[in-house]
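Over in TrEMBL, the protein carries these features:
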| type | residues | note |
| --- | --- | --- |
| COMPBIAS | 317-357 | compositional bias 'Basic and acidic residues' |
| COMPBIAS | 368-399 | compositional bias 'Basic and acidic residues' |
| COMPBIAS | 425-462 | compositional bias 'Basic and acidic residues' |
| DOMAIN | 1-51 | domain 'C2' |
| DOMAIN | 146-266 | domain 'C2' |
| REGION | 107-135 | region 'Disordered' |
| REGION | 311-462 | region 'Disordered' |
Amino acid sequence: FDFDFDPATTDQRKLLLELWDHDTLSDDDQIGWVEIPLKDYLGEKKQGQVDFIGVDKHFNENVGTLDYELGVRNKEDAEKEKTEQANLIKQKQADVINQKKQLADQKQLEQQKEKEKKQQEEQQKKDEIEKAKQAKKKQLEDMQLKQQQAAVPEVVDDIGTDVKNVYVKIIGVQNVAAMDSNGKSDPYVKVLFDGKQIGRTKKVADTLNAEYNEEFDFDVDPNATKARQVKLELWDHDSLSDDDQIGYYDLRLKDYLGKKKSEQLNFIGVGKNEGKEVGLLDYELGVRSKEEADKEKADQVNQAKQREIDAANLKKSQADQKKLEIQQEKERKEEEARLAKEKKEEEVRQAKQKEIDAANLKKQQLQQEKEKKEEEARLAKEKKEQEEQQKKDEIEKAKQAKKRNQDKKKENVNFWNKKKKNQDKKKEECVYQKPKKEELQKKSSNVKEKEKEQELKKKENFKGKFRSKKINYKETGFWKNYKSKNQLKSNLD
């Protein structure tokens, strides 16, 4: 690729190369990209390698290595180089055209020489064939002359005066004398009467045993000809020269009058095979009146027509049967298609029903889940409300207990103040008795010891009793102290 760019009209100084993946069924996918600075290639052409940087799922990975060649030059130099390359290409094309022309002229000359040589060879072959034909013709003329000289005059057999029909069937020939260089022959049989050819069989190539199964028939007017024999000749087919006669045999019509016979005969050789048996022929021959032949032909024609009619009827019945089978097959396919359609519709209906059932079940499940969540939320709310109510009750109880303690404390202070006043009053009013005082002191000391023991027990159980938020104020030291003081008061009283 080459292109022009003007540095005055763009700030771009890097060449961007992108690697893509082609997709037939969707948009192409970009694999990676790379940028090459143009200044590294200014004034020269270099080859190098660079790694593509991946994008998307291969982001920032090495996704391929590029071998490239890059060069940056002035536009004038590029145009000059292009002109030189174009001239060089034109010169090369001209050299190729001249070379092709020379080769064509040389080939034409060789073809001309080959053609002349081939014409000479063909002319030589034609001359050889013509010589061979002349030699064979002379040989055949000599042979025919010899046969005519040695022939015995034909006896005119009495076959009647009415027109006869002669039927000949050439079935096949065996053990034919080899006439070709490959040890084979290309045999065929001619049927002649009164010197004229009635017909001939097909030729079978490269064989010594040929099968024909060909029929010939012709009419004979005994009043118009003295010929009373059918002549059968065995020949060998040649492609480049005249055919060669191998042998012959004469059949008397009188021997087949009014009947049809299937027999065998040995051809009598001619030419180089003269006097030899050159082939064993299977044939069938019959002689009858023309009226019988015409009648038989008419019967055969009628039979053929009848066969054709029967064949046509059979074909028609077969066609009708086939049509019926096609119709039945069509109905069967339509029935299968209908059943398949019904089955498909039933499957679709069942699938839809399944979808509906699944949707209903899902809806039910979602409803149950929703109700369950609502119930859980309700229970959680009730539990939370109970907990909050319980906390409120506890707080209220604590407040009430605190208030009761404060009231009791006030009552206790008032009680002691009152008691102190009473004691002071009694001290002033009563007469002091020392022995009574000692007893009271002793009792007071016993009470104090008990109070100390209770105080120790209270300290031991203090931690466990005050861990709970609920405080049993009746079990506190204050209450016990209050009880013991009341007991002391009663003792004093």
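Heads up, residue numbers simply count up from 1 along the chain you see.
A Cβ is built for glycine as well, from the same backbone N, Cα and C atoms used for every other residue.
For the region 'Disordered' (107-135), the residues of the chain that approach it from at least six positions outside its boundaries are 240-242, judged by C-beta separation under 8 angstroms.
The DSSP breakdown of the domain 'C2' (1-51) into helical (H, G, I), extended (E, B) and coil residues amounts to 4 helix, 25 strand, 22 coil. DSSP labels the residues of the compositional bias 'Basic and acidic residues' (368-399) in these numbers: 32 helix, 0 strand, 0 coil.
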